[in-house]
Amino acid sequence: MSNVATNSVNVLGPTGSEKFMRRIMPLIALAVVLAVIPVFGPSRTVYSLLNAMGVNIVFAMSYNMLLGRAGLLSFGHAVYFGLGGYAAVHAMGAIEAASYGDGGFWASYPVFFLPVVGFAGGALAGAVIGWPSCRRAGTPFAMISLGVAELIAAAGFMFGSIFGGEEGVSGDRMNGPELFGLSLGPIEEVYWFIAFWTFIGVLGTYAFTRTPLGKMSEATRDNPERVEFVGYDPQKVRYLVFIFSGGFAGLAGGMAAVNYEIFTPEALSLAPSGMVLLMAYIGGIRYFAGPILGAILLTYMQSMMSDYSEAWLLYLGLLFIVIVMFAPGGLAGIFVGLFSGLRGEDAGENFRRWAVQVAGIVLMMIGIITLVEVSVHWSNNYGEVFHPFGVQLPHDGVLTWAVIFIPFVAGVGILRMAHKNKEGQA
Amino acid sequence: MSIPALSINDLHKSFGPAHIIRGVTLDIEPGERHAIIGPNGAGKSTLFNLISGGYHPSKGSIKLRGEEIGGMKPFKINRKGLSRSFQVSNIFSNMTVRENVRCGVLYSMGYGYGFLRNVGNLHDVQRKTAEILESVDLLDKANLPAALLPYADQRTLEIAITIAGGADVIMLDEPTAGMSHSETERAVALIKQATEGKTLLIVEHDMGVVFNLADRISVLVYGEIIATGKPTEIRGNEKVREAYLGDEADAIEGDAA
Amino acid sequence: MKRITSAALAAAMSMIAVSGASAETLKIAFIDPLSGPFGPSGQAGLNEWIYAADQMNAKGGINGNQVEVTGYDNKINPKESLVQLQKALDSGVRYIAQGNGSSVASALIDAIEKHNKRNPGEEVMFLNYAAVDPSFTNDRCTFYHFRFDADADMKMEAVTNWVKGQPDIKKVYIIGQDYSFGKAVAAAAVKGLTEKRPDIEIVGNELHPLGKVKDFTPYVQKIISSGADAMITGNWGADMVLLIKAAVDSGFEGPILTYYGGSKGAATAMGEAAVGQVKAIVENNTNLPMSDEQAAYVDGYEAKYTEDNYYYHRIHNAMHMLAMAAEKANSIDPTDVAFAMEGLEYESPNGVVTMRADNHQILQPMFMSTFSDDVTRGVEHLTLGWKSGPNDRIEAEDTRTETTCKMQRPKK
Amino acid sequence: METIVFSLLNGVIYGLLLFMLSSGLTLIFSMMGVLNFAHASFYMLGAYFAYTISEASSFWLALVFAPILVGLVGALVEKYGLRTVHVNGHVAELLFTFGLAYLIDEVVKIVWGRNAVDYRVPELLDFPLFELFGAQYPAYRIFTLFVALAMLAGLWFILNRTRWGLIIQAALSHPHMVGHLGHDVPRIFMTVFGVGCALAGLAGVIGGNYLVTDPAMAVQMGPIVFVVVVVGGLGSLMGAFLAAMLLGLLQTFAVAIDARFADIFGWLGLSETTELGSITIASLAPMIPFLMLVLILMIRPRGLLGDREL
């Protein structure tokens, strides 16, 4: 019996090479990408964007430990990001004071490792707030997180000695012992710091999914009742996951503290909490890499799209609603679907169908974007006119409304047809 | 006399004005296979939930090997070595079969809420999981998502999760409900083999299964046990016949024949 | 360069451009909210900067260099501001203009200070046109930061100087938002009143959470029952509008002395009921007597931006002082300009304004403006507007406050 | 004395406004399980519709038609949006409404501009009704009191005296039952969602002019609506009413208290000069709802009068 069982262990689970391809390769790929980026000599803008993305990636990953992996919808995750960040920024101050003062522990603490302080801060906050919050999942959890976030955000503005009032607490990252020859002054050096911790953050959140606790968190998400009957307390599972999630959010906060050298009470408020929810969900909460995609896309949109259109928030809202309604798997889900569709037997058929769908979507988007842009330009009342590619589209022009309606109707029609065809085949 | 594996004494449960369990007293010896039968609405599921920690008793005591467990949280009871299955398949449908069983194994092997070990490297857990899968004949389906299993296999998986933790008191809630005749036969064989040497408490509608499996049978009617005894004693019991009217009474007799 | 640089072009350029000032344009990056809830006030600031630049360019620019103002949307978020700052730096900007939110200003001051230290030869100058935290020109003063607005303490200095001339005011109630700014305003008010009018009784000093109160009536009734005959508040945004509406609705009759009564959208929200009661301490209002030239400037602006009113007179001042300093230094390098800016005096339409050399804080005459229905220039398409009488002028010197700044200057 | 009278009056009026705003959400949440994040956005739409209508005609027409319009918008949202995501569970629905709130905000900014609009109290009601301890009491506030009471009465009548109301009542406490009784569940859901939104819209019509009508008003009111619904309890309009009153009164009374933490916890050695000690109870008033939200969920998850836990 035991002999059989020992043999069958090998049959079970993925083989060594499968494991390597599925688990180790993506991490190596991530490391390579992170390491190769500077070769292209990015500008300061690109660097600062990359750094912001790194912070948001870790933040979104920590959020997905809750939403994706444990099924806990939080509206106040920025609390842990912010508290971790504040811990790190205060530690940065301590390093500065200690290195100009009488030394001590902080004098020998490298700024490079401040995210560890952030992790501790976030985890501690999670440990304190988590216990009452994690009693149940679902709506009560979401509501408690909302209430707690409101309270903490208000406290952020009230307690100036901790949160620095409106202008926040700032520090200088160029103090204390240097590590890896990085002074962390120029933004290129900060990039290495961010890249390192982004990798650690991704690795850490991934490793967590492989632990007994990580596995049980997924089990608790799917079936909390059953979990109780295999010896686990779902409340405790949630609580522990919550602490870790707070810790990784704090890690991201620590990264932000070094990157921006300042933390302000807004960091605790509902707005960044909403943003991280959007990142994770748009990226795809059921896929490990989903939040990474979401964080990259939304960071880019936030910092760059406002240059193109002041209605970027509207587009963001639309994107989110479309994802919720039609692609609950998020961007990652769409990619996975495309990829597996192209490898299947009827790849050609799939390809044709997608081409039609993409055409429909693009047409619809042309209509919607034109409508939004024309309205925005008109509603500003500065007499500005939307003029893409040199074409003037005033709000009262016939051409404008043609550009809005014809593609939109055509797009809707194509999508409907594609949908019907698919159903007809099925 | 040894301490009973499970000892229930004057157990009551009310939901508001509805008095569902009205003074159940029952002792189950270690190693005994005990079946609870009774018409629909007799309170069998409620009794199961009371024992396994799903409900809080209104009155009375439940002792597991002499230790009071009435009103304890389910996970605490489970850790003391009492495990149950569900009438409706209650599995982790987003996971593979192997992962399902592993969820049942982890706590009992001492890994608890651990977050420093990779589950892939826990060879004892792997081995135990494989053993369980082997014993319920699901090894070849180990890497299938549980949601994609055929119904009978899902029921089997339900049992596999229940026994995975190595509990020595096993409670099965209608394990063969909805199965075909041949599937039922296989399930009974499997239950017999998997609960070898353990205490088994089973609720079942299929009288064939009951009389085949059980050492003793209790009949629960309107929240009260009206008879307890060996299968032969139950068959001959007048009160049981009265409680079971029509077809079901025939079923008892038919099996008796 | 007449408009906002084509956004697409700017973004494309920012990705490839190598930093370094270009020879023929003086680029100013305007980093303020252009979308979201604070978008309107940021947009109004941007419009005034662009208008000021256009006017300057029409006169031949600064030292013959054309001025170009580009908007960068920071969503009033300090961290996002730093990303936008990097974008600006990449497109060769050496001058930053910002005003909305002391949190953003604080982040920018810090980041610019560090940038200037870490990148010698690429220094950047910060033209602060509205962030009023006093610390920026006190403990936290830096050489490259210049403030063209009176700080919170100076405004209170002006307010209390005005109160000094109002013997009718005997009991004052102070109410504000519960965060650093609200607390600073309250402290300055108490200090100023006790020094200048020891006879005034401060009957209440209250803070409420920032942006959370929906109905101010309970606060107002507390104020009324305290017998106050004047109210001082630093509130802005909805907190100010709701407070004022509740006050006039409940029949509070004394003056309501504000910092931000004139801010965008407030007039519409307050409505006619607030006429005569609401006052705001500002450096300008459009119903002051003005020269033809200045009138043409104001009218030109309001004709171009029909949704806006001429409000940030300090932007006009800042642009002119920038030009004067650049001429004096004969350079548009921020370091040279900054040295030239110190102690600079400019004959503005409302009188002489001076950039203090010791802390880079402007000194300018202030006016206590009253919300009125008897005005020649209304705001927000209403017949209501702001005006001030002869007694409402507070001279520049009377707004001066002591500074704790120890300015660190670079070597010339 | 005057503090108590004022606080009572203000508390009741504020509480009634909160109830108007939240009653619709209680209906929606109890029946459909959808904690509508965009509920306050419908309140905002109500105010803006009322502004537009009263510009074109009169406030009184707006009072009738603005809520109806909002209700129609709500019904459309339910039919073409919410129903699609319903299969993905409550979290997906919650997220949908979360995105919807973003969207409505932006659309309102485009259509009506980003500043406050001049939506004002109708002239007929724009006078001080009476004077109390030196402070005037605007007639419009008393008017809101009557509108709220009328709405309460109307709601009570519909729920207890009409067939529709009885179905809804049954569905409030046993949402799964309604389908079994052969009623057209999708249509009931659409109607309830529409009516719920219309009630929020009515609150917008009434509240938009005595507070401020600007694009931030939804965000301002959003979280507090949840507090009322959660504290009141699932399936209980009475609970929502009590919770709204409680919140209104607690907040207004707290404002009237000048005590500082140092005065209360002085015996613990808390001094008035410390940051914590100098906080006044009054300054915490607007935080009370959130404190209540967290405490209720921790201690009594079914709310004040709820018939089941969330």
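Glycine is no exception: its Cβ is also placed from the backbone N, Cα and C atoms.
What TrEMBL records for A:24-41 (among others) is transmembrane segment.
What TrEMBL records for A:47-66 (among others) is transmembrane segment. Long-range contacts of the transmembrane segment (A:47-66) within the same chain, counting only residues at least 6 positions beyond its ends with a Cβ under 8 Å from a Cβ of the stretch, are 37, 72-74, 77, 80-81, 187-188, 190-191, 194-195, 197-198, 201-202, 205, 208, 217, 241-242, 244-249, 251-253, 255-256, 259, 276-277, 279-280, 283, 285, 290-292, 294-296, 298-300, 303-304.
The transmembrane segment annotation in TrEMBL covers A:78-100 (among others).
Marked as transmembrane segment by TrEMBL: A:106-129 (among others).
Long-range neighbours of the transmembrane segment (A:141-164) within the same chain, counting only residues 6 or more positions beyond its ends whose Cβ lies under 8 Å from a Cβ of the stretch, are 72-79, 82-83, 86, 129, 132-134, 170, 263-265, 268-270, 273. Positions annotated as transmembrane segment by TrEMBL: A:141-164 (among others).
Sequence-distant contacts of the transmembrane segment (A:190-208) (same chain, six or more residues past either end, CB-CB distance under 8 Å): 23, 27, 30-31, 34-35, 37-38, 47, 50-51, 54-55, 57-58, 61-62, 64-65, 112, 115, 173, 180, 182, 184, 214, 244, 248, 251-252, 254-255, 258-259, 288, 292. If you look up TrEMBL, you'll see A:190-208 (among others) marked as transmembrane segment.
Taken from TrEMBL, the feature transmembrane segment applies to A:239-258 (among others).
Per TrEMBL, the feature transmembrane segment maps to A:278-300 (among others).
Cβ atoms under 8 Å from those of the transmembrane segment (A:312-342) belong to residues 278, 281-287, 289-290, 293-294, 297-298, 301-302, 305-306, 350-351, 354, 368-369, 372 of the same chain, restricted to positions at least 6 beyond its ends. Annotated transmembrane segment per TrEMBL: A:312-342 (among others), in sequence order.
Residues annotated as transmembrane segment in TrEMBL: A:354-376 (among others). Using a Cβ-Cβ cut-off under 8 Å and counting only residues 6 or more beyond its ends in the same chain, the transmembrane segment (A:354-376) has close neighbours at 309-311, 314-315, 318, 338, 341, 386, 388, 393-395, 400, 403-415, 417-418.
Sequence annotations record features per position, and here TrEMBL assigns transmembrane segment to A:397-418 (among others).
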**OP:** May I ask for the residues of the chain that lie six or more residues beyond the transmembrane segment (A:397-418) and have a Cβ under 8 Å from a Cβ within it?
**Re:** 353, 356-357, 359-368, 370-371, 374, 386, 391
